[in-house]
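Here's the structure we're looking at; comments come further down.
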Amino acid sequence: MSKVSFIGGGSFGTALAILLAEKGNTVSIYNRDKKVVDDININRRNDKYIKNLQVPSNIKAFDNLEKATEDAEYIVLAIPSHTIRSICKQLKNKIKQETIIISIAKGIEEHTDKRLSLVIKEELNNPIVVLSGPSHAEEVVLKLPTTLVVSSENMNAASEAQNLFMTSFFRVYTNEDLVGVEVGGAVKNIIALAAGILDGLGYGDNTKAALMTRGMKEISRIGSALGGKEETFYGLTGMGDLIVTCTSNHSRNRKAGLLIGSGMDVNKAIEKIGMVVEGVKACKAFYELKEKIGVSMPITDILYKVLFEKKDPKSGIEELMLREKKSEIF
């Protein structure tokens, strides 16, 4: 059995920590919030992020990063995309070189437009694995069948991570296309936010089906331009993740969009969700990136205007519908 440290004690990080603890691993969780740490250690709960959950006794929480990661064989980065670099800087020279870093964050770094595995690589000289795919913490803790993907430049490390997480209800595939896996997981949050806005505006299944299908095209278009393989975008980390995030009541991106579509101010909607809405950051980052490299992403264009230029969401949908006529396949 292994020693695994989770950085971040949010809902999905906690769900995965419980999965690994129940497999017999020694698991630690780092969280800056002393109340979360005490809730885990004393009450064996984490009510701030996921209620009615029993945390196993072989999980220990810390508010000290160095103690939480001491002698860890695996470190799971279960934190928002914008905090990845700062955490990795803190880990530098404090962890073993053979420790495998597993990122479950989805997004790209603002201002640099770098995929998160590249951000980690710039700060740490460790094997890096990305775990991604269609999954919500609420279903993982109920042991409902879930299937994800691990990817890495080091496929031996990916295979280790696959073995670490694999259970009878949690199936993990490997995929060598790291670019495709990361881009699919990041861009689908943009489309999910837009899907929520459609729901908030009262549009129907026809409209959402069109949005998701054309959203898949945007994922494929930007992903291919960045070096990803098209078949990856139609797999678990692209289409699979898009479906679950656009349709599930567990999806915080969809829920934020629902509030915005219902008339709530963007910042108030994010505040009401109470957790990071990665689609907002991803929309800004990918809007800037596609402008630089010349990739067409009309849904991202409209969502950017809604989020950052106060465009009326309904007029944004009309603008999409009135775009120049063209063939579906291009």
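Positions of Cβ are set from backbone N, Cα and C atoms, glycine also.
Among Lys51, Lys188, Lys310, Lys311, the residue that Swiss-Prot places alongside Lys106, Gly133, Ser135, Asp241, Ser251, Arg252, Asn253 at the sn-glycerol 3-phosphate binding site is Lys188. When the neighbouring Cβ atoms lying within 10 Å are counted for each of the recorded positions (Arg32, Lys106, Lys188, Arg252), the highest count belongs to Lys188. Arg32 (NADPH binding site) falls within neither a helix nor a strand when secondary structure is assigned with DSSP, and so counts as coil.
For the pair Phe12 (NADPH binding site) and Lys188 (active site, proton acceptor), the C-alpha distance works out to 17 angstrom.
The two recorded residues, Ser251 (sn-glycerol 3-phosphate binding site) and Val276 (NADPH binding site), have Cα atoms 11 Å apart.
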